[in-house]
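Notes follow the structure.
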Amino acid sequence: MTRQQRLVALAGNPNAGKSALFNALTGARQKIANYPGVTVERKAGRMYSPAGEPIELVDLPGSYSLDPSSPDEEVTRKVVMGEFEGETQPDSLIIVIDAANIEQHLVFAQELLSLGLPTVIALNMVDLAERDGLVLDPAALSEALGVPVIPTVAVRRKGLDELRAALASLDGAPAREPRPSIGLTERRVSAEAIADAAILSETATRRLHAHLDRVLLNPWIGPVILAGILFFVFQAVFAWATPFADALEGAVAWLSQLVTANMGPGLVRDIITEAVLAGVGSVVVFLPQIVILFAFILVMEATGYMARAAFLMDRMMSFVGLSGRSFIPLLSSFACAIPGIMATRSIADPKDRLTTILVAPLMTCSARLPVYAVIIAAFIPRQSVGPGIGLQGLVLFLLYVAGIIGAMVVALVLRRSVTKGAGSGFIMELPKYQWPQLKDLAIGLWQRAWIFLRRAGTIIFIATALLWVLLSFPKAGPGESQVDASIAGKIGSAIHVVVEPIGFNRDIAMSLVPAMAAREVAVSSLGTIYAVDSDDEDETAEAVTASVAARWSLPTALAFLAWFVFAPQCVSTIAVARRETNSWKWPTFMVVYLFALAYVFAGITYWSAVALGL
Amino acid sequence: MTLDTLKPGQRARITAVDTDSIDPSDARRLLALGLDTGARVAIAHKGVFGGSDPIAVIVGRMTVAVRRAHARALSVEPAAHTEEVQAGA
């Protein structure tokens with residue numbers, strides 16, 4: 001019988017540095033999927049034993065105990081106990097312990113050790129513990145716990161070879177006897193005793209994080225700093241991305257010219273230039289903005305600041321019946337509602353979680369950036385309204401604020417109606433501050449960028465290509481415009497009847513349908529519509545901006561922006577909401593209320609703008 | 001007295017946890033984070049913009065955020081004298 005590849009699981013408390021260790025052991029060879037039947041992410045990768053044998057390593061969700069209080073912890077419990085259907089019990093465990101928080105992490109470690117699986121303990125972040133004046137004796141720990149204890153610094157790749165060797169030495173060793181499981185209080189008492197025995201020296205160094213917290217969690221200065229950081233992020237998203245976006249745009253235009261110059265006119269050339277390059281190209285140029293936004297979010301998470309932001313936001317969130325815990329999913333939703341909705345799994349209270357899922361699409365996701373960017377560039381003058389504050393950035397900031405206020409009001413209403421119930425608590429560890437590691441950031445950013453590019457290459461490409469086909473046939477007769485004659489034009493005219501009262505023209509009406517696939521398709525659709533209409537071969541984002549500026553009135557443009565603050569134009573978000581709530585009831589509710597809000601607010605915006613004579 | 005009435009910087013020891021007055025899953029989480037009888041605690045920060053929620057509690061080597069409603073369930077005995085806390089040091 002051939003021996004199956006070994007399965008090793010990484011387990012431990014949240015903030016023990018598990019993900020960093022996982023990245024260090026597996027490199028970029030990672031596979032992210034879901035556990036069957038639940039929506040918890042299964043992160044697996046391949047590492048190698050010292051003998052070169054491949055081992056599958058899974059990174060289990062961080063837990064405080066095997067007595068689960070969230071869906072994440074439930075998965076960890078079931079996997080390590082071998083009760084998870086469709087997932088084999090790991091052959092061995094690597095328990096990750098934060099050296100600087102050893103008493104606390106030993107409480108869960110003892111519970112895991114009582115299972116009797118072959119185990120190695122990675123005493124992680126020993127460098128940070130030493131910086132704080134805490135020196136530990138791994139040998140004493142190993143003796144007390146009866147398993148190998150390897151000091152590691154995952155981010156500096158220290159101790160990895162030793163860890164691999166210790167893991168290999170477990171292979172074939174007799175299984176440890178499961179120990180009788182002891183209660184929480186007993187585990188805590190023995191954790192303290194074991195830790196005390198392993199501490200070689202402890203000096204009361206002033207901890208860096210206390211100093212930082214004194215400023216960043218200050219009741220008055222803290223929130224101001226947070227607001228400043230968020231404002232800076234949104235300014236940076238617009239300003240820093242410009243040179244990269246311009247370069248990408250130039251590349252798309254150059255490709256388009258190249259194709260035009262080297263191919264005879266015909267259907268294939270039209271498909272390449274008008275559908276592929278104009279459509280997909282106009283979306284891909286927003287990659288720099290998305291990468292910058294995700295970079296800030298990843299840095300805030302990696303440094304430990306995100307938990308502080310949740311702390312500062314808790315009071316505000318409690319006014320609308322949520323807690324600071326909802327802040328992290330909602331902030332992630334600024335990049336994309338899909339990871340945001342998935343991040344709600346750490347919210348223990350079901351009603352809090354449901355409310356957060358329902359309002360997450362109101363956060364301005366990066367897919368809306370292309371839409372906002374085109375309209376802002378077309379209608380808002382590039383002028384300065386203060387030192388370092390551009391008018392365009394300010395308008396973008398206000399659009400984000402509109403989404404946030406919308407989400408807060410909706411949450412307040414939901415918490416008093418459909419998701420009524422006692423407000424849940426806010427209990428959260430504030431991890432210590434750390435420098436973000438370039439490699440971990442790079443892996444995280446690459447994963448996000450790849451998801452976006454894959455969307456551009458599949459959903460956006462198909463939606464744009466389909467629209468191009470609908471726009472190109474049947475062919476217009478003499479004296480008739482191609483868009484008027486096309487199937488898409490007919491569909492657009494029908495929808496136009498519904499959206500005309502809120503100031504939308506037929507081009508917008510046509511772009512709304514393919515934009516259901518993904519919001520940014522609205523831009524590529526407009527790109528394709530105007531490319532077909534003008535027979536212009538390079539309708540890049542810049543050209544869309546010019547077309548829009550020439551053809552739309554300002555009230556129409558503003559109404560279009562208001563529409564996109566609310567409209568649930570993303571099939572993937574609806575699908576994720578369906579999966580996470582395990583019913584069609586809530587996604588349906590979400591779609592209906594969001595469309596209603598979008599229609600009403602676009603209308604109010606349009607008629608107010610018209611009344612003001614804009 | 002209870003944890004919510006401590007002032008920032010004040011040290012104390014938890015003498016009892018009233019698990020009946022709070023949600024069972026919240027109680028479990030508090031215990032899992034080490035806010036249990038016998039734990040030495042100190043208040044690091046309290047509230048935002050002059051309010052008194054949430055509270056950042058130092059327990060052992062960790063900082064944990066809780067709300068006043070939870071802190072009220074934790075009976076504490078203040079340390080003999082108040083001193084400036086160097087956050088866990």
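Positions of Cβ are set from backbone N, Cα and C atoms, glycine also.
Taking TrEMBL as the reference, the stretch among A:93-114, A:115-136, A:247-268, A:511-532 described by the feature transmembrane segment is residues A:247-268. Sequence-distant contacts of the transmembrane segment (A:557-577) (same chain, six or more residues past either end, CB-CB distance under 8 Å): 337-338, 341-342, 357-358, 360-362, 364-365, 367-368, 371-372, 375, 378-379, 399, 402-403, 406, 455, 459, 502-504, 508, 512, 515-519, 522, 548, 586-587, 590-591, 594-595, 597-599, 601-606, 609, 614. At the 8 Å Cβ threshold, with sequence separation of at least 6, the transmembrane segment (A:589-609) lacks contact with the transmembrane segment (A:319-342), having fewer than 3 such pairs. Tertiary neighbourhood of the transmembrane segment (A:392-414): same-chain residues 231, 234-235, 237-239, 319-322, 330, 334, 355-356, 358-360, 362-364, 372, 376-377, 380, 382, 385, 561-562, 565-566, 593, 597, selected by CB-CB distance under 8 Å and a gap of 6+ residues from either end. Sequence-distant contacts of the transmembrane segment (A:354-380) (same chain, six or more residues past either end, CB-CB distance under 8 Å): 237-238, 282-283, 285-286, 289-290, 293-294, 321-322, 326, 329-331, 333-337, 340-341, 344, 347, 391-392, 395-396, 399-400, 403-404, 406-408, 410-411, 414-415, 419, 452, 518-520, 522-523, 526, 541, 544-546, 548-549, 552, 554, 557-558, 560-561, 564-566, 568, 570, 573, 577, 580-581, 586, 589-590, 593-594.
Away from its own ends, the transmembrane segment (A:319-342) comes close to residues 39, 41, 290, 293-294, 297, 300, 306, 309-313, 349, 352, 355-357, 359-361, 363-367, 400, 407-409, 411-412, 414-416, 423-426, 428, 448, 451, 570, 572-573, 576-577, 580 of its chain (Cβ-Cβ under 8 Å, at least six residues beyond either end). Remote same-chain partners of the transmembrane segment (A:215-241), defined as residues 6 or more beyond its termini with a Cβ less than 8 Å from a stretch Cβ, comprise 286, 288-289, 292-293, 296, 300, 305, 308-309, 311-313, 369, 373, 388-390, 392-393, 396-397, 400.
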